[in-house]
C-alpha cells in the first residue's frame, strides 16, 4: 500500500494548470495575491508555475517561493519536464522556499510517445530514473507524473513508477490528462498500482484529472477510496479545455461526507478529525479572488461557490429552510465563508478603519496599495450609500489586477438615447512617451462606441469575444463588475473592472485587456505539454532570474 499521511493533501495548481485556461493569464502581482490567499486557505502544496517557460514565469515562481514559502506554510512546487534544463530552472526558482518540491513528468501512453515525444518505451525507461535522480540531487521532495497515465499500458506504467520511486520520487502522480476515465476505472487504476508496484509504500499516490466528461471530482473521490492521498485541483475548477477537478467541491465533499470517507483512513465513522487541512471559511473569498483576477466568471449554479448554491426559489423549499435549514441544505453557507455582513464604513471613515477591515478580511496590503485602495474606497463612498465586504473585495482585487500599463484611461464620455446614435469620446495616455490622444466613435451602443474609440487610439488589432456585466451587491447604486475578453492570434486576454458606472467599468476593463495583450507579446513562453522536449536542455534560460 502507498504511503499514507493520515489525511488528504491538497495540491493546488491554479497558478500553473489553472492559468493555462484561455484568457486566464495572470501578472506577477496577481499571482502573488492568489498565492498568499491559497496559503491562508491552507493548501498543502502550491504549484506556482512552470519556471522554464519564460523569464516571467521563473520570476513569479521565485517571488512566491520568497514571500509565501514559510516553515509553517505550504510547499512551493514548480513543474519541470523530464530534462536537465527544466529541472535546473525549477530548482533555482523554488530554492528560496524552506519547503520546496520539483514536479517532473513525462508521458507514458503510446499515443503520446509516438505522436508527441517521438520516443520509445525503452527511451522513457532510461530517461525517468536519470532525471528523477538528477532532481533528487537538488531537493529531497520529488514528485513524478506519468502523463496520460489513464491511457497507458498498465504493465509499462507499473515499471515506470517503480523506477521513479527507486530513483528518489516521494510522490507519484497519476493524471487522467484528457478526462477519459470513469470513476470505477480510475479507482481500479489506483488500486492496481498499489497491488503491482513493489515499492509503492515509499511514495504518496497523487491524482490529477481534467473534467472533459464532467467526472473529475467523482474520479478523485473514487481514487481516495483506493489509496490516493494527494489531490491536484484548482480553485473554481479552472484549467485547460473543460477545466480541472474543483478544489472547493472536493474539499466540501470530504467535509460533508466525512463519516463515509473516514473508514478509508482507518478511522471510526464518527471521528471528528478533518480529512484535509483546508480552512473552509476561506473558500468563498478565494473563489471570488481567482474569478476576479482571471476574468473567468463562476457559473451561477456552480456547486459550493456559485451565486445560486445556497438560493431557494421553490416555495416548498423556502418554507422548509425557514423551519429547519437541514431540510434542503447540507452545507451551512457560513462554513464556506459566505455571509451578508455589511460594514459601517462610509465617506467619513478613515484609512485606519478601512485598513482594519481589510486585515479582518485577510488582506495585507503594502502602504502604496493601501493608499490606492483607500482612494478608490473614498471615491466609491461618495457615490454609494452603503459599503459591503463585496465592494471592498472588488476594490482590492482590481487593485492587484492592473497589468504593466502601456495605456491609461484619461477620459470617458458617452451620449446615447432612443433618438440618437451612441457616441463615445475617449482620451488615452500612452505611458511610453506620456502622450495623450482623443478619439470619437459611434457604435451600436455606448459600450460598443467606447471599444471602437479605444481601438482607434491603441492601434492594437483584436477581436472582442465576450462582454459580461454583473452587480456586486444589491441596490440601484451597486458596483457593476465588467469582464471583457479579447482575442488576437488565437490567444485570449481578459480585463476586469468595477464601477458604479458600467460604461466606465467597461472602458477600464477593455484597457486592462489591451495592456495584457501588449505585455504578453513582449514575452515568449513555452507550454509544458505541447512544446518539444528535444531541445529543452539546449534552450535553458541562461539567466532565468533576470
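Positions of Cβ are set from backbone N, Cα and C atoms, glycine also.
Positions annotated as domain 'Pyruvate carboxyltransferase' by Swiss-Prot, on the basis of sequence analysis: 8-271. Feature annotation from Swiss-Prot assigns Mn(2+) binding site to 17, 208, 210, 244. According to Swiss-Prot, the feature region 'Regulatory domain' maps to 408-546, an assignment based on sequence analysis.
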Going by DSSP assignments with H, G and I as helix and E and B as strand, what are the residue counts for the region 'Regulatory domain' (408-546)? 33 helix, 56 strand, 50 coil
Given the Mn(2+) site 17, 208, 210, 244, its other Cβ neighbours within 8 Å of the Cβ centroid, in chain order, are 13, 175, 177, 209, 216, 232, 233, 234, 239, 240, 243, 245
On the 0 to 100 scale, where does the mean pLDDT of the domain 'Pyruvate carboxyltransferase' (8-271) fall? 97
